[in-house]
Amino acid sequence: MAKEKFERVKPHVNVGTIGHVDHGKTTLTAAISSVLTKTYGGTKRDFAQIDNAPEERERGITINTSHIEYDTPARHYAHVDCPGHADYVKNMITGAAQMDGAILVVASTDGPMPQTREHILLSRQVGVPFIIVFMNKCDMVDDEELLELVEMEVRELLSEYDFPGDDLPVIQGSALKALEGEPEWEAKILELAEALDTYIPEPERAIDGAFILPIEDVFSIAGRGTVVTGRVERGIVRVGDEVEIVGIKDTTKSTCTGVEMFRKLLDEGRAGENCGVLLRGIKREDVERGQVLAAPGSITPHTTFKSEIYVLSKEEGGRHTPFFKGYRPQFYFRTTDVTGTIELPEGVEMVMPGDNVAMTVTLIAPIAMDEGLRFAIREGGRTVGAGVVAEIVA
């Protein structure tokens, strides 16, 4: 009897193109699709399909994004490309497209431009861990020294924002020529794919991380104790594990004495599953929605943090008027709203609907958070903005 063919599922990695308008992000996306499907198989997406980005809504925010997929021998990639600068800002802040790494496209005819800098800053703020540079339009530059100069400028700019500018891969190519099928430029796309495979480490799967479950509901079951319910965000909780209840009140410790899913008793609850966790020695009134259940010591509660936020435009159902310092909205983290005050950067007097801005937020109650956590800004239950924790202050 023939053995079944063993097919290991390839690691899945999320990437995207970033960079200044008209530097060739969409052309590069099409070139990657074209060259990799030609070399390794798969379904090709052409420039027009990618450029015609469908509209999506993430937390009420309208974002135009193109998603394509491609394979290298080692991995499966999901790649996002956005048509407009505003779409990038919204995408990165809301985390609609979480990137394990980004391809920064810089036209060698221009060098780094204002949005090049802004996208690098955003990548730093929202926690994009790795950047690979694709210097585009190199077929249009005859002067070798000029290319070296642009590469040096890009590397310095990345170092300025704490990326390893001296060490990260820079590929000099031409997306258009590769798309037109010229072998020497197609080779550069394969070089880029090789850099993606080797420079961006395999992302940690949600299940391998430290256990955390945002609490949505609390019940007490006569004779058994208190049960908290929610969807496991990452990790695994097993019967007998020690856990901490973090946020809003003082952190308390407990032990998981049972895991339930669809009224069935289980030994464990895993990332992505909705389950109830029975807690030893915890009263119903000790726990509330908005806290998290977590592996001991894995996450801590904080009240003050620096953030990067996007304010919804009027058309997106946001505010019709600007806000000023002293603005006190609610910040919605995971499952609950907490009121907070804002501090605007030096020289910024007001923030208009449709803007993005860095601000420091101080909450009236501590929330379990780490850098990279997304939140919504709400006024009376209506979303008026989206943000991400860039740095914890206190």
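Every residue, even glycine, has its Cβ placed from backbone N, Cα and C.
Feature annotation from Swiss-Prot assigns GTP binding site to 19-26, 81-85, 136-139. All protein chains included, THR26 (Mg(2+) binding site) registers 21 other Cβ atoms within 10 Å of its own Cβ.
The Mg(2+) binding site annotation in Swiss-Prot covers THR26, and the record cites sequence analysis as its basis.
The domain 'tr-type G' annotation in Swiss-Prot covers 10-204.
The feature region 'G1' is assigned by Swiss-Prot to 19-26. DSSP labels the residues of the region 'G1' (19-26) in these numbers: 2 helix, 1 strand, 5 coil.
Mean pLDDT, taken over the region 'G2' (60-64), works out to 85 on the 0 to 100 scale. Annotation comment: Swiss-Prot describes 60-64 as region 'G2', evidence class similarity to another entry.
The feature region 'G4' is assigned by Swiss-Prot to 136-139.
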Long-range Cβ neighbours of the region 'G1' (19-26) (under 8 Å; 6 or more residues past either end): 47, 50-51, 66, 81-85, 104-107, 110, 112-116, 119, 136-137, 175-176
Given the binding-site residues LYS25, HIS85, the candidate whose Cβ has the fewest other Cβ atoms within 10 Å is HIS85
What's the CA to CA span in angstrom from GLY19 (GTP binding site) over to THR26 (Mg(2+) binding site)? 10
Where's the emptiest Cβ shell within 10 Å among the binding-site residues ASP22, CYS82? ASP22
Can you give me the same-chain residues 6 or more apart in sequence from CYS138 (GTP binding site) with a CB-CB distance under 8 Å? SER108, LEU147, GLN172, GLY173, SER174
